[in-house]
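First up is the structure itself, then whatever we jot down about it.
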Amino acid sequence: MELWRQCTHWLIQCRVLPPSHRVTWDGAQVCELAQALRDGVLLCQLLNNLLPHAINLREVNLRPQMSQFLCLKNIRTFLSTCCEKFGLKRSELFEAFDLFDVQDFGKVIYTLSALSWTPIAQNRGIMPFPTEEESVGDEDIYSGLSDQIDDTVEEDEDLYDCVENEEAEGDEIYEDLMRSEPVSMPPKMTEYDKRCCCLREIQQTEEKYTDTLGSIQQHFLKPLQRFLKPQDIEIIFINIEDLLRVHTHFLKEMKEALGTPGAANLYQVFIKYKERFLVYGRYCSQVESASKHLDRVAAAREDVQMKLEECSQRANNGRFTLRDLLMVPMQRVLKYHLLLQELVKHTQEAMEKENLRLALDAMRDLAQCVNEVKRDNETLRQITNFQLSIENLDQSLAHYGRPKIDGELKITSVERRSKMDRYAFLLDKALLICKRRGDSYDLKDFVNLHSFQVRDDSSGDRDNKKWSHMFLLIEDQGAQGYELFFKTRELKKKWMEQFEMAISNIYPENATANGHDFQMFSFEETTSCKACQMLLRGTFYQGYRCHRCRASAHKECLGRVPPCGRHGQDFPGTMKKDKLHRRAQDKKRNELGLPKMEVFQEYYGLPPPPGAIGPFLRLNPGDIVELTKAEAEQNWWEGRNTSTNEIGWFPCNRVKPYVHGPPQDLSVHLWYAGPMERAGAESILANRSDGTFLVRQRVKDAAEFAISIKYNVEVKHIKIMTAEGLYRITEKKAFRGLTELVEFYQQNSLKDCFKSLDTTLQFPFKEPEKRTISRPAVGSTKYFGTAKARYDFCARDRSELSLKEGDIIKILNKKGQQGWWRGEIYGRVGWFPANYVEEDYSEYC
């Protein structure tokens, strides 16, 4: 058996790889094992499986999303622990880039083999590899792995189901505290009986939880005040006394509501206390630091350690330490929506059920808010790691939003035209361009994205050579610009998507709707959205605030916020007049039949137009420009780029007279179907793979064309508009020929034109159907029912899934991130907040 397959078998025995992972399938390749390991997460989990607590998983980024910085940090944590706790020699270890870039995967296998032979690993009763009888020689298969990895699209999220859930330990403590004596149940329970059980559980667990808070105050906080400084007490106990006060009143009102017939007013108590429970925001954001501080204080002072043991003995006979109990409030606040969900399920009366749903929504919203505080704490740790690794950085990265992506690229700038090797960190509001020096980074340029925009350049994609895939980052005024080059087309696509997402976070759709001026904002206090009344989530840049009236909103709610109270009343009318004026100008230009020029040399604003004659006009080779002002003796002309509809000034030496060429022979293309009706296209594409397309001549009008494409199991039709000798499917971009249009959308997603159509033109219909090796039944993509979106949700980066109210989502995973589920819709896969959907239990499979 090949050595890498022996390694795979060993990793399965160590409970790191699931037995059904695709690396075990017939026809599996070694690159699939490399891809599974290269972010370092499973390697760190491996060490913990062999030696419990060998690595503190809080120091490992469990969702690195292939961030090179975070993956390398995880890998180096694994390597250092192999030395320190497993006794491996330095000579037995691979280098971090041997795995991440798969420069020497044979050395990675060698290290794992050495690890399997250590006494610690063998004590687990797992057979090491290779055994003496088995052959080792499979070095040849490791060559070229780096190129194969470059073509790998996404990591396998199901892998992380094998990683320890850091919440599990706290959950066990909570369940232990809340456990009650079993009550005898009737042999056959009615829905009424089940509802009574739910109500009893809500009351009993609230009583026990309030007692636990009282015990923390009485048996730990007060006795320790004589041993610790006031600042230590505040750091360790945070606002636990505020929690106790709130829950004492909450329990009193809950009991009163439960004492009324049918507990009809219980829902009002939960809705009323949603706002008071916002004190959990502070507690949950600081509890991890509190636990670490407690550990440091106890380790430094033996008298404190002894006092803590004494307090624990008095509080609960030593069953739970203070560190254990500090995790309970976070667990409790995340349980209310689960308790109410069960109560709703067993409530029959329609009005009661509807009222309880309001309470359930309130507690789901609260739970999501708490989960986002935890997620943002992880994000801030990630930002801190970036900050500490970048030299010459004199400002806080947290002011520039959440990290989007990081990695190696090549770059040219206006000042320096030769390609430079660089490492870049992209955040919501900034791009950091650095030079890597070992494990640290030297900041070379800090780009504030507020004044930049992204423009694709697909010229390098045709060659498909390494480092030829490029797009441009251009300053609005044209004084500065960068060309960013990427190793593969897929990497370029990922980076471009994240740039577009970052810029859409800075300038979101509907930012100026209803007279507002919404900007990304970090709210110090927990705040509700003006439109939907739900909480803004997290600890920083939770949403948007209007610069004028201070209204707060989610990104997805900006268009629904009531009109701005601080803005002039003529705003809507002014907008309407401007739009009508632009339409009149467009009509006038068409009537005049202005001369057209063809661009043969690009222009991105350098040199800028002289003086203040007007904005520059971006030009790409092949664009058609309609002249609006042009004199032969002048060097600068004004025109409209018909590809983008932008108007501006450009040097006249970048264009030549446009000559309309002879009609193209389309029959040579595998995608051209000739004259065809919609029904004919649907018949051809019905049994083809998603992404298969054809271009047809419309039967009713031979001068017009349409694209038909199979997407999300349906056939969609897109009209191609023809005017002025140009072809377009949207007003944003025009092409000189049908071939150029098709080639562009073979490389660029149609979602820029149609939001629900996130696909490229992938497979011409005349190409033979390429069937990939089918997965075994055990490995087939399974989903755990469906859910219906109750609200809009706007993704903040490419790992998230945007939703529209009413969307039906296939649920793929509920385990990854607390409060977030992974799902699929319209062929797109990503994470979305669980409280934004209503699950359809009838479709569970």
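Cβ coordinates are placed from backbone N, Cα and C, and glycine is handled just like the others.
Segment annotation: Swiss-Prot labels zinc finger over residues 515-564 (candidates 215-264, 465-514, 515-564, 715-764). Per Swiss-Prot, the phosphotyrosine annotation among the candidates Tyr174, Tyr400, Tyr826 falls on Tyr826.
As a summary of secondary structure, the domain 'SH3 1' (592-660) carries 4 helix, 28 strand, 37 coil according to DSSP. Below 8 A, the CB atoms of the domain 'SH3 2' (782-842) and the domain 'SH3 1' (592-660) form no more than two pairs separated by six or more positions in the chain, fewer than 3 in all. In terms of DSSP helix, strand and coil, the zinc finger (515-564) has 7 helix, 12 strand, 31 coil. Under DSSP, residues within the domain 'Calponin-homology (CH)' (1-119) fall into helix, strand and coil as 75 helix, 0 strand, 44 coil. All protein chains included, Tyr826 (phosphotyrosine) registers 17 other Cβ atoms within 10 Å of its own Cβ.
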